[in-house]
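Novice: From Swiss-Prot, here are the annotated features:
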- 1-22: region 'Disordered' (REGION)
- 55-75: transmembrane segment (TRANSMEM)
- 83-103: transmembrane segment (TRANSMEM)
- 113-133: transmembrane segment (TRANSMEM)
- 144-164: transmembrane segment (TRANSMEM)
- 175-195: transmembrane segment (TRANSMEM)
- 203-223: transmembrane segment (TRANSMEM)
- 278-298: transmembrane segment (TRANSMEM)
- 317-337: transmembrane segment (TRANSMEM)
- 357-377: transmembrane segment (TRANSMEM)
- 384-404: transmembrane segment (TRANSMEM)
- 421-441: transmembrane segment (TRANSMEM)
- 449-469: transmembrane segment (TRANSMEM)
Amino acid sequence: MSLQDPTKEHNNTSPSPKDEKTDYVVDWDGAEDAANPRNWTTRTKTAHVLCVSGFTLYSNLAAVMFAPGAPLLVADFHITSTIVASLTVSIYILGFVFGPFLLASLSELYGRLWLYHICNLIYLAFTVGCALSTNTAMFLAFRFICGCAASGPMTIGGGTIADLYEAEERGKAMALFGLGPLLGPVIGPVVGGFVTEHLNWRWTFYLVLILAAIIAIAGAVIMRETFEPVLLERKAADERVRTGNRQLRARTSDGTRTANQLLLRAIIRPLKMLCVSPIVLSLSVYCAFLFGLTYLLFTTFPAVFGLTYQFSTEQEGLAFLGLGVGMIFGIALFAILSDKLLHQPRGGTLARPELRLVLMVWSSPLVPIGFFWYGWSAQSTTHWIVPIIGTAVIGIGAFLILMPAQLYLVDAFGTEGAASALAVNTGLRSLFGAVLPLAGPPLYSKLDLGWGNSVLAFIGLAFVPVPFVLYKYGETLRKRFPIDR
């Protein structure tokens, strides 16, 4: 145990009030303390990141895996409202809007591990409920709760990576973490199409349930708490019992606030970031529009590949693989370049987090280019591979925008603020992902695929300056609009 005892540093003098504030502070036992998560072995750290990535994979897989089977559920439950029919898919994403704000706050107060386990248990229970639902109200309620629970790993995963890695080591870890959120929506329709075709819509939930149960059990066996304030508080509590010294406290503890005040501050922090920080607001809105545009793009696939190119239900799912290939290419670039760009400046000072945005600066035009490519090639009825290549370009750009943005927020707000910053990002992203696709049918009915996707491309172009501005002025904005962590 590391204790700061001023009597050893100021012999024959009485401690001043300032000295007393640092008496009996419990900290790590030096820089190499094996109990510090940042000193865990590479194997242990990687295992934790893979578990979190697995959590996000099944939670995002479930978002769209059911979509091919939605018409069958609509028929089974005799749903006549088009809005309710759309909600059978999108209400899951709405759970991602509300869940993050509470879960991020709790994780920054009580730790990460127990939240992962509770969210996994809730998710498993209500996925069973979805599979066994007998009416519309039951299904929608269970599906919404599943979405709220599934948002947990999405929200606090970035905080876990901040706990485990120094800033210059986070690139590859974030690339692993990003596999689930970005590949899940691509793989989901492929698997869902085959399952629905050969079994029924209920089996899309049973399949996700089996996968989620396996990953949840692995996480329960492998994972440990990573949040430094919780670990140091436990250490301080053990030392208070061992020594009988009630004055011992953790270095990270806030002795000036009550538990209720700390909880209130933690709950307010994400909303404060959204309202006060231009960085969080601008990046979250950019990511939200991009996420929403991608989900809106998905709404065109049945018409483009099913009607125009005469794909079967199974083949329609394969059309999503263009996005998947693009995202895999983006993952490779991000993993290779992200940490290299965060080079150590001269003089030994810490690299500024804005260096994370370099990839975002160069890749931001790719998404508009991809939408132009996809829209006009589909309208011209070129060979089916041409619009799929356009979606691959969108996939590369999407990954190289979303991941640098999230990693920048992690670096900028640190281990105690990362989850709150990502809660805002995830919440807005999910809101736009649920709402923007509703604009698809009227947009394409009036403008067709060419000009309809051109409108989306122009929206993407409007956001291209955002990473340029934040790269240049982000450090100034962080200092001018600080967030109390």
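Backbone N, Cα and C define each Cβ position, glycine as well.
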Novice: Look at every Cβ pair spanning the transmembrane segment (421-441) and the transmembrane segment (278-298), keep those 6 or more apart in sequence, and say whether at least 3 of them are under 8 Å.
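Specialist: By the criterion, they touch.
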Novice: Does the transmembrane segment (83-103) reach the transmembrane segment (357-377) with at least 3 CB pairs under 8 A, where each pair is 6 or more residues apart?
Specialist: no
Novice: Give residue numbers and ranges for long-range contacts of the transmembrane segment (384-404): same chain, 6 or more residues beyond its ends, CB-CB under 8 A.
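Specialist: Residues 174-175, 178, 181-182, 186, 286-287, 290-291, 294, 297, 304-305, 309, 311, 319-327, 329-331, 333-334, 338, 356-360, 362-367, 369-375, 377-378, 467 contact the transmembrane segment (384-404) from elsewhere in the chain.
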Novice: For the transmembrane segment (55-75), what are the same-chain contacts with Cβ under 8 Å, counting residues 6+ beyond its ends?
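Specialist: Hits for the transmembrane segment (55-75): 85, 88-89, 92-93, 116, 119-120, 123, 127, 139, 146-147, 150-154, 157, 177, 179-185, 187-189, 191-193, 195-197, 200-201, 204-205, 207-208, 211-212, 215-216, 219, 298, 313, 316-317.
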Novice: Report, as numbers and ranges, which residues of the same chain sit near the transmembrane segment (317-337): CB under 8 Å and 6 or more residues beyond its ends.
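Specialist: Same-chain residues near the transmembrane segment (317-337) but 6 or more away: 68, 171-172, 174-175, 178-179, 182-183, 185-187, 189-194, 294, 298, 301, 304-305, 311, 359, 363, 387-400, 403-404.
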